[in-house]
């Protein structure tokens with residue numbers, strides 16, 4: 001199975017390398033017919049029409065340059081700096097082993113840290129697995145039901161927000177949109193902008209050729225003395241095909257940018273429930289009975305409460321590693337038995353309430369197994385406690401887009417840039433800039449409403465100096481949060 005998948009990935013990659021060469025040949029042929037046969041031979045030499053020939057050449061050259069520059073920027077990034085999530089050390093060694101057998105190509109990148117040790121049950125032995133700090137140093141990040149980031153079992157690494165595993169390339173892609181063989185590989189956060197620009201300029205380039213060639217072909221057909229040039233007709237067919245193709249891609253991609261979605265996210269946009277770990281404000285010191293919590297950095301005690309059971313074959317999608325099951329309730333045992341006996345039903349997350357945990361300064365609130373007293377509890381110093389960050393594990397409403405900023409223009413700028421010039425020229429992609437301390441991607445009103453409903457807003461004061469307490473959560477909202485977190489399945493992520 002792995003050998004076949006590795007072969008498919010190699011075929012996909014080589015196909016993505018060959019198709020751009022074919023496109024290059026099409027552009028060379030189109031340039032020869034448009035400039036050489038039409039402008040030079042037909043207009044200048046045969047008819048002496050200099051004005052039309054010069055105008056066609058100038059417009060053609062401008063569109064060709066813009067299309068070529070956009071394609072080169074897109075191709076170079078996709079080929080030499082694709083939006084891959086680095087492989088974990090274990091995945092690198094696994095691929096090197098396959099490469100030694102001649103079944104796969106070695107991938108020589110990683111986090112440069114210790115390997116994630118996997119237990120028989122699929123959990124991680126190291127409570128501070130390298131890479132976690134990239135998540136809990138933010139105020140909000142996408143998580144599993146236990147408060148940890150989503151884990152990819154194939155790349156052996158934590159998946160950043162909006163990341164999906166791509167079967168075509170065999171890698172996790174940051175903010176994955178799709179795999180495009182026309183440009184040489186996967187489209188993600190650092191090249192989606194250039195993909196839109198490339199398809200846009202290509203559509204205009206093809207439209208220009210289509211209009212010009214159609215005009216002179218119709219003129220040749222109407223003339224009794226001129227013979228129809230069949231190469232003009234061939235160029236019309238090519239231009240028409242690629243204009244429809246790239247034009248539809250441009251419209252679809254711009255629609256996604258206006259809604260701050262990707263093609264992968266759009267597939268489940270109407271029913272997706274997102275799980276977030278949201279940092280509790282400094283004034284929220286007490287543990288709530290309405291949502292689960294997790295405290296970072298993780299210690300041995302918290303890890304003893306986190307047990308991930310592997311997903312049966314056929315249930316895992318997008319490289320998710322596990323389904324969280326709780327054994328503190330009768331429902332948890334029932335769900336566990338159902339999951340182990342069924343291979344066609346989606347996995348279910350059964351989450352126990354935080355108030356069933358033993359009272360302790362440790363606020364780990366993940367899929368819970370009874371605490372094993374033999375597990376060593378790592379002592380925390382006062383300095384360690386000051387450096388900890390506690391997160392509430394909360395969910396969005398069904399079909400709610402947490403990255404929708406509430407404005408088409410604002411959404412569009414997160415992809416294309418704040419300047420109008422950036423929209424048309426292949427400058428830096430703003431999607432690959434993650435300097436915001438709040439989250440890896442700018443969050444919309446959906447997350448703000450989650451904070452308000454659960455009393456996680458920072459204390460604010462009115463202009464008159466009066467204290468304005470954060471909005472409290474209603475019992476109805478709390479119940480909905482518990483049900484959603486208890487039923488969301490791991491492979492929807």
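The count begins at 1 with the first shown residue.
Glycine is no exception: its Cβ is also placed from the backbone N, Cα and C atoms.
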Which range of 198-217, 258-277, 278-297 is transmembrane segment, per TrEMBL: 198-217
Range annotated as region 'Disordered' - as stated in TrEMBL, picked from 67-98, 99-130, 131-162, 163-194: 99-130
Same-chain residues at least 6 beyond the ends of the transmembrane segment (232-251) whose Cβ lies under 8 Å from its Cβ atoms: 26, 30, 33-34, 37-38, 196, 199-200, 202-203, 206-207, 209-210, 213-214, 216-217, 220
